[in-house]
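Colleague: Dropping the structure in here first, questions after.
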Amino acid sequence: MKTLLLTLVVVTIVCLDLGNSLKCYSSRTETMTCPEGEDKCEKYAVGLMHGSFFFIYTCTSKCHEGAYNVCCSTDLCNKSSTSG
């Protein structure tokens, strides 16, 4: 019984891939699993003409600075309007 329990624990850990499982938004509705080395989620503003802008949602290792940007390190945290 102990062997079965140990096997289930090992299989669970392998399936979860604990070392690389951060999930971030890649658009307003789509999500992605971040590649190795990218340990933060980010939403940053890209300026257009006449003072308008749009947001880029992505995984990153280094976040952009800016008043409207979000940089965080927990799953699906880059959709909010505040950093976390």
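Just so you know, glycine gets a Cβ as well, placed from its N, Cα and C.
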Colleague: If you look at what Swiss-Prot says, which of Cys15, Cys41 makes a disulfide link with Cys24?
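Modeller: When Swiss-Prot is consulted, Cys24 turns out to be bridged to Cys41.
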Colleague: Using the record from Swiss-Prot, pick out the residue from Cys59, Cys71 that is joined to Cys63 by a disulfide.
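Modeller: It is Cys71, per the disulfide annotation in Swiss-Prot.
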Colleague: Cys34, Cys77: which one closes the disulfide with Cys59 in Swiss-Prot?
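Modeller: Here Swiss-Prot pairs Cys59 in a disulfide with Cys34.
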Colleague: Using the alpha carbons only, what distance in Å do you get between His64 (site 'Contributes to dimerization') and Cys72 (disulfide bond) once rounded?
Modeller: 12
Colleague: In Å, rounded, how far does the Cα of Cys41 (disulfide bond) sit from the Cα of Cys59 (disulfide bond)?
Modeller: 5
Colleague: Roughly how many Å lie between the Cα atoms of Cys63 (disulfide bond) and Cys72 (disulfide bond), rounded to a whole value?
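Modeller: Rounded to a whole number, the Cα-Cα distance is 9 Å.
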